[in-house]
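**Q** The structure under discussion is supplied below as structure tokens; questions concerning it will follow.
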Amino acid sequence: MGLEKSLILLPLLVLVFGWVQPSLGKETSAQKFERQHMDSTGSSSSPTYCNQMMKRRNMTQGYCKPVNTFVHKPLANVQAVCSQKNVTCKNGNSNCYKSHSALPITDCRLKGNSKYPNCDYQTNQLQKHIIVACEGSPFVPVHFDASV
């Protein structure tokens with residue numbers, strides 16, 4: 001009798017772990033935003049900042065992400081942008097918000113002659129307003145739309 005129960009339970013456990021396990025390693029849109037765009041430790045004047053950060057934040061795996069922006073403020077400051085000026089996103093959606101003030105950012109752009117796996121980025125330190133798309137409950141940034 002015990003063997004019959006274990007033969008029934010084993011396939012059920014396999015099914016449950018098959019459903020649960022993939023979701024455990026999947027990051028949310030908000031977590032992805034934080035990984036790709038937040039660096040509150042402050043900007044670096046190093047010309048290799050973008051090369052280091054793009055690699056460290058897994059944006060050079062399989063291909064070189066062409067453009068990325070890092071914001072050098074605490075996450076709470078960037079989350080607060082979601083309650084600031086509502087603007088239209090580049091894709092036409094209406095869930096974008098523009099910061100009231102310019103923020104310290106680093107703009108990373110793939111150099112023209114750079115090819116995977118040797119991703120080489122131009123690092124530019126700037127002070128600009130940011131535009132982010134926000135979603136969810138709590139309402140948080142999920143996409144970096146632009147800097148202006």
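Glycine is no exception: its Cβ is also placed from the backbone N, Cα and C atoms.
This is the feature table in Swiss-Prot:
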SIGNAL    1-25  signal peptide
BINDING   K32, R35, K65, P66, V67, N68, T69, K90, R109  substrate binding site
ACT_SITE  H37  active site, proton acceptor
DISULFID  C50-C108  disulfide bond
CARBOHYD  N58  N-linked glycosylation site
DISULFID  C64-C119  disulfide bond
DISULFID  C82-C134  disulfide bond
CARBOHYD  N86  N-linked glycosylation site
DISULFID  C89-C96  disulfide bond
ACT_SITE  H143  active site, proton donor
**Q** Measuring Cα to Cα, how far is K65 (substrate binding site) from C89 (disulfide bond) in Å?
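**A** The separation of the Cα atoms works out to 20 Å.
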**Q** About how far apart, in whole Å, are the alpha carbons (Cα) of C134 (disulfide bond) and K32 (substrate binding site)?
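**A** Counting only the Cα atoms, the answer is 13 Å.
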**Q** Which is it, of C50, C64, C108, C119, C134: the one of these disulfide-bonded residues whose Cβ has the most other Cβ atoms within 10 Å?
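**A** The most densely surrounded of these disulfide-bonded residues is C50.
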**Q** If you compare CA-to-CA distances from T69 (substrate binding site) to each of the recorded positions C50, C82, N86, C119, which comes out shortest?
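**A** Spatially nearest to T69 (substrate binding site) by Cα position is C50.
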**Q** Determine the minimum-neighbour residue: among V67, C96, listed as recorded positions, which Cβ has the fewest other Cβ atoms within 10 angstroms?
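**A** Ranked by other Cβ atoms within 10 Å, the recorded positions V67, C96 bottom out at V67.
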**Q** Nearest to R109 (substrate binding site) by Cα, among N58, C82, C96 (recorded positions)?
**A** N58
**Q** Measuring Cα to Cα, how many Å separate K32 (substrate binding site) from C96 (disulfide bond)?
**A** 17
**Q** Rounded to the nearest Å, what's the C-alpha distance separating C108 (disulfide bond) and H37 (active site, proton acceptor)? Just drop the number here, would you?
**A** 11
**Q** Given the disulfide-bonded residues C50, C96, C119, which lie within 10 A of C82 (disulfide bond) by CA-CA distance?
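**A** The disulfide-bonded residues passing the 10 Å Cα test are C96.
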